[in-house]
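*Asks:* Copying in the features that TrEMBL gives for the protein in this structure:
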{"type": "DOMAIN", "residues": "36-424", "note": "domain 'Amino acid transporter transmembrane'"}
{"type": "REGION", "residues": "1-34", "note": "region 'Disordered'"}
{"type": "TRANSMEM", "residues": "41-60", "note": "transmembrane segment"}
{"type": "TRANSMEM", "residues": "66-87", "note": "transmembrane segment"}
{"type": "TRANSMEM", "residues": "124-146", "note": "transmembrane segment"}
{"type": "TRANSMEM", "residues": "195-213", "note": "transmembrane segment"}
{"type": "TRANSMEM", "residues": "233-255", "note": "transmembrane segment"}
{"type": "TRANSMEM", "residues": "267-290", "note": "transmembrane segment"}
{"type": "TRANSMEM", "residues": "310-331", "note": "transmembrane segment"}
{"type": "TRANSMEM", "residues": "343-362", "note": "transmembrane segment"}
{"type": "TRANSMEM", "residues": "368-392", "note": "transmembrane segment"}
{"type": "TRANSMEM", "residues": "404-424", "note": "transmembrane segment"}
Amino acid sequence: MFSDKKNPSPSSSRKLNSPPAEETTPLIDNTKPLSSHPKTLANVFIAIVGAGVLGMPYAFKRTGWIMGLLILSFIAASTTYCMTLLVQIRRKLDSYENGTTNISSFGDLGFAVCGTLGRFVVDVLITLSQAGFCIGYLIFIANTLLHLFHDEPSSDLGLSSGMSRFTVKSLYIWGCFPFQLGLNSIKTLTHLAPLSIFADVVDIGAMGVVMLEDLRLIMRQRREVKAFGGVSVFFYGMGVALFGYEGIAMVLPIESEMKDNAKFNKILALSMGLTTLMYGAFGALGYFAFGDKTKDIITSNLGTGWISSLVQLGLCINLFFTFPLMMNPVYEIVERRFSGGRYSLWLRWLLVLIVSLVALFVPNFADFLSLVGSSVCCCLGFILPGLFHLLAFKDEQGCKGCSLDIGIMIFGVVLAISGTWFSLMEILSAKE
């Protein structure tokens, strides 16, 4: 689950002698066995729930717990609606072509509606979002190890400033770098598939331990909490929530693999509802347990016992091995555009280097979640679905439908600009 939006990779099913990918080639091969209702429910749940849940208690601390719950509910409902818009567009295009359009990914849909430009925009945003998730993983790993093994988080081990400034956190990130080069050199996801099962087991166990610890602390001592925050933290909370719900890139692949996809919308709504309940409980309990002392990564609030240490180390190992899984969609897109769809080791290593460098300069995990959610995830979750739906249905949905699509786009633009601004202010103020 914390492995976030696990986009399936076409390279895992692409034959060795297949021709180079072209603009019209579907990004995802649509030859997998169809999924049952329970499996589809689980796939949606796993695709949505990611590492962003670890920042929910801190977001509740900033927004207040009632405002946090309201934001979660609103984002869940809005995101679910926008996901169904994408499904509507694909089904309409399929009806025109008797089900032969081969639209099985967000990028394919962008190409079908807006041509090359549509696919390019979607590819860029998915690349940024997936890379953003991996940057968050490195921040989490470095901050968690810093919390476990060092009493003074700001202790410096080296030189003065800029790229020469080696803090303990940066050493942990650079320590991961050579190993990530090796893992990200693997051509196919087949050899990494067992890590997905391991990730889910670790994530469920970790969340259970954290929530039990929260309940124990709440029963022992009730801390003072606030219900509402200000306007600025409202946009901050919206960004964190968007990061947590950003599974929109996985909707079309999952829907296309469902046996009875006529019931997909109901299963999607059920899975989003369950996810919202879990996010709300996790965020509220974490905030109630630690109050104003709630940290940006909730596991950092846990004690120093061996169970707490195992949970945090388990999450670090999980995200460490999830990194190449999350970067694979980025490699598919970049290799498709710069090496004719063929495997390119130097491109992969360059991307790992860029991700690692960005992670060095982001001080706060939750602030970064808000930035990615407000910028990239907002575009994927609101602006593009509204735009694509407007273009596909403009001749048949009337003024009311067009106004709703335009309203979704305007809301996305306002949220993206304001949320990105406030998130950047938080990150820059943390560095001062």
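For all residues, glycine too, the Cβ spot is worked out from N, Cα and C.
Curation plays no part in TrEMBL annotations; they are all automatic predictions.
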*Asks:* Counting Cβ pairs under 8 Å that sit 6 or more residues apart, are there three or more between the transmembrane segment (124-146) and the transmembrane segment (41-60)?
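*Replies:* Per Cβ check, the transmembrane segment (124-146) touches the transmembrane segment (41-60).
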*Asks:* Short question: which residues 6 or more past the ends of the transmembrane segment (41-60) have a Cβ under 8 Å from it?
*Replies:* 1-6, 35, 68, 133, 136-137, 140, 200, 203, 207, 236-237, 240-241, 243-247, 250-251, 254, 257, 267-268, 270-272, 274-275, 278-279, 282-287, 290, 294-299, 301, 315, 319, 365-366, 369-370, 373
*Asks:* Using a Cβ cut-off under 8 Å, which residues of the same chain at least 6 positions beyond either end of the transmembrane segment (267-290) come close to it?
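*Replies:* Those are 37, 40-41, 44-45, 48-49, 53, 56-61, 65, 68-69, 72-73, 76, 79-80, 83-84, 207, 210-211, 213-215, 217-218, 222-223, 225, 241, 244-245, 251, 258, 298, 301, in sequence order.
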*Asks:* By a Cβ-Cβ criterion of under 8 Å, what residues six or more beyond either terminus of the transmembrane segment (343-362) are in contact with it?
*Replies:* 11, 131, 134-135, 138-139, 142, 169-170, 173-174, 176-177, 180-181, 184-185, 187, 327, 330-331, 334-335, 368, 427
